[in-house]
């Protein structure tokens, strides 16, 4: 049975045309290197290529185990299919024609349409489908060794990491669910929400300049109860837990990875040596590209990166302006529901708009990151991949989180106060926080983005390849020709059917696995950085990942062409990215609790200004009076001329309103900050410093406590070194005799 390493596909060009000549030159170069080429003609031209044995013998000799130098180059073992494909792909990509053109250049000029390695025969592929790429296998262990033998080490390590991440995410999901349930069960007993619900005489200032009435604080009773589900003491503990979880997860993954790659005998594999070996196999005269660094080029790239980040922050500002304008328009709506829920509707529609900008900017960010990588001129493919990963992730981080950072740390804190509001374009005033805090706005924003990303994105991720595959299959399916009487049926080349079925599958590229990694790392960011505002984030991520593993498996086995296997002994630069996210998670959660949450103001009140302290009263809740303490008084006569005070007073008021309340700590006479404001500000800062230092210390202790490499792996290497040294010594004694 004929086996082919790769298939090149080309359109049928006219004889003697420039494209046909270029194609022939390239195929001639492959023939000189000992490749066997088979041509099959259909609606397209298909060229099967198979490398000669001596190419793989060279590879085996160069990559032989350095501990066993006595190996004979003629003692050949069957080389794995994944290694064959990887070597052939490298040679195909780096073969140069007499016109100094590579395959990449020829594909740009439409000389060749595409190239791909072949999936294994139906039986072998079926085995992987049955044990892995099936929805019913959703709660079963993944066959990592089979994945490695079919798709290579890099893909296998991705799924090993994803499986490990999902497994430990289950613990975080249970903890988050427990905190959420605890919030639901205790919110009725919250003194803060109770005071808001009973504040029938507390008149609040209008939420907009036109058509907005005065309103009662008790109108937001439900909102206050929902806020307390998220903003309670359990959230602080959960945020600390997630900081430790992120560290333990990475440390345990390092141990798991060490065990896996040791079993594959790749623990000390050198990627640079592998690339040099393949360069020499392809061209014995090859000279390695030297390490270089240009400060000018690095400065230009850095400035362009900062410019792109500024653009992304500008888009976040545009979303802020949208929310401000939307709130103003909703409050002037004729629909009573929109007027009453103007702020919530602005938050929700803003979150949807944020999701749309994420989808659009992802494509823009990719092109910009690739352009910057081209400017840097990286030495090898792995260097290029690492540079691209860091830049693209940085852009994606700002795309995903700029709006969330505004909601978490700036919303309601830079808007001024009645009589002196900060306005956009001198007209629309910035949004305010609810009297029970801004954390619910952040929770809504995160919930909408995570749900949209994990539902719509996954549906599209599966449906588009599935529809494309069905459409291509229908287009390529040949109609059976009617047979004449006595005519024998033409025997079809068995390769033709296999090549066509592989060609009908969806195309893969160097970014196929990168995109899967990026999706999961962005999800990991959502799960850890702002988890204090949304304790259900780990649960949503856990449920998503159970389906994500099988979805990716089905795409790779059934809907896509075979990926070019790549050798690896870790997940690469992604590990450093995950560690950076772990540190950002400590900072982010510390800021959410210190700034976004009302946890600190409540604790300051409880231990400094409450009746329990000032009046030494026992038997009452120490937070009694907190809401009245956190609201400032504003005189109606001090409103700006632009603000239109409602002429028709609400039904609940009998006398003219002379004062209204708003959330802030300001004096009633000159609206300057009170002593309480500075007390709370200092406590927030002290808590932030304490939280981050304690969390980082615990992270460092956890990283030290859990060794990166298991003792069994270290002992295995120790025994191997000892055995090799003993063998060398015995061989020396034998030669001396």
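Cβ coordinates come from backbone N, Cα and C, glycine included.
The annotation domain 'Anoctamin dimerisation' is assigned in TrEMBL to 81-144. Averaged across the domain 'Anoctamin dimerisation' (81-144), the predicted model reaches a pLDDT of 88.
Summarising the annotation, TrEMBL assigns domain 'Anoctamin transmembrane' to 147-716.
Among the features that TrEMBL reports, transmembrane segment is placed at 155-184 (among others).
Summarising the annotation, TrEMBL assigns transmembrane segment to 235-253 (among others).
Annotation comment: TrEMBL describes 300-322 (among others) as transmembrane segment.
What TrEMBL records for 342-361 (among others) is transmembrane segment.
TrEMBL lists 392-411 (among others) with the feature transmembrane segment.
The transmembrane segment feature in TrEMBL is assigned to 521-547 (among others).
TrEMBL lists 568-595 (among others) with the feature transmembrane segment. Sequence-remote contacts of a segment are chain residues at least 6 beyond its ends whose Cβ falls under 8 Å from one of its Cβ atoms, and for the transmembrane segment (568-595) they are 152-154, 157-158, 161, 235-236, 239-240, 242-243, 246-247, 250, 254, 257, 261, 264, 266-267, 269, 271, 382, 385-386, 389-390, 393, 408-409, 413, 439, 442, 517, 521, 524-525, 528-533, 684-685, 687-688, 691-692, 695-696, 699.
Most Cβ pairs under 8 Å with the transmembrane segment (235-253) belong to 155-184, among the candidate stretches 155-184, 300-322, 342-361, 392-411, 521-547. The stretch from 155-184, 342-361, 392-411, 521-547 with the most CB pairs below 8 A to the transmembrane segment (300-322) is 392-411. When each of 342-361, 392-411, 521-547 is scored by its Cβ pairs under 8 Å to the transmembrane segment (155-184), the top-ranked stretch turns out to be 521-547.
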